[in-house]
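To keep things clear, I will list the structure first and then write my remarks on it.
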Amino acid sequence: MDKLLDRFLNYVSFDTQSKSGVRQVPSTDGQLKLARALQQELLELGFEQIVLSKQGCLTAALPSNVAWSVPAIGFISHMDTSPDFSGKNVNPQILENYRGGDIALGVGDEVLSPVMFPVLHQLLGHTLITTDGKTLLGADDKAGIAEIITALVRLKKSQLPHGDIRIAFTPDEEIGKGAQFFDVKAFNAQWAYTVDGGGVGELEYENFNAASVQVKIVGNNVHPGSAKGVMVNALTLASRYHQHVPESESPEQTEGYQGFYHLHSMKGSVERADLHYIVRDFDRNGFEQRKQTMLDIAEKVGAGLHPDCYIEVTITDTYYNMREQVEQHPHIIALAQQAMRDCSIEPNMKPIRGGTDGAHLSFQGLPCPNLFTGGYNYHGKHEFVTLEGMEKAVSVIMRIAELTALRAKP
């Protein structure tokens, strides 16, 4: 498979789990280790303009092989894996010619079952790369990295026409910092694609508007034996606060274009409690209303408290729906759709119920929709990717590059 699988297996051997709440970028040393290994690989493969920034963003270029002017385009993937599940000592399992039924993950009781994951019914006969049940796999987004590099290596060998192609591998995407230090001007592409999606055919240019909501609740602790009229239990207030958040609008109750409120963490004592929510909505007006709801709940629950006891809400916008930017450049989507169809893939246009580096970059002047990788069930032990899906992603990347050149030909 032209080293595609070998590349992927090599990349997932690096522990690149990012870490929230860390000021430095990248947030973990493992990401820099992978970046340096990729830098060396790109040098050996003959790529040009290879730059590794101090924040761990690796960029490189494949120069045009045609005489006419072609818009420079880019392909981007991220090096980190989710902080929500271990990415250390990943031990991939390779199952060729999947015949259906449960797949044992390692030697324990963990299985990958089509009962829980019906998509497996569509993958009979495919080669599946799974976890051993102890870690995530890292197809999000090391499959994307392997696909981009493999596609460009094949482009060089095939002599298919293409213009200048830029590539970038970013750190800390999973914690929302992937594009924070991305130099759009130096990248010098007219548009780009993140290769960070899921199943074959996924093409995404809509994502959530996102905000982080910190709720600080200050109570008053006294001996419970003499607490009447004096104690203000911050934990009780925290419970009341959460009871006012619409239960039917949680992640486990929503899908498609529905937004949600998600209680991500809570901790506390009688004296103080802290709740962390994330709020998401595709519609900008709905997004603003959700943030206002969080403020309104605080006002309602905190009404009548002693001045020394209070509920404080801090809201920080994280990213916005890139549709606002990408839909101004419809040819970018049309190009990707045509490339997929040319590769016998029917595009599956769907909203991203999350975010990507592309969301940030689109608002920095680099329109950047998202392409599939062939992976499934990200951020956990049931994550897997198909080799056939990865091969199709490689083909689509190559076809996008070729079509861009052909359409620019005088």
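Heads up, residue numbers simply count up from 1 along the chain you see.
Backbone N, Cα and C atoms are what each Cβ position is placed from, and that goes for glycine too.
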According to Swiss-Prot, Asp140, Asp196 bind Zn(2+) 1; which one of His78, His244, His262, His264 is annotated to that same site? His78
Asp140, His379 bind Zn(2+) 2 per Swiss-Prot; candidate in Glu96, Glu174, Glu346 listed for that same site: Glu174
CB neighbours within 10 A of His379 (Zn(2+) 2 binding site), counting all protein chains shown, number 17
Other than His78, Asp140, Asp196, which residues of the same chain sit close to Zn(2+) 1? List them in sequence order, counting a residue when its Cβ is within 8 Å of the Cβ centroid of the site. Ser77, Asp141, Gly144, Glu173, Glu174, Thr194, Val195, Thr356, Asp357, Thr373
Does DSSP put Glu174 (Zn(2+) 2 binding site) in a helix, in a strand, or in coil? helix
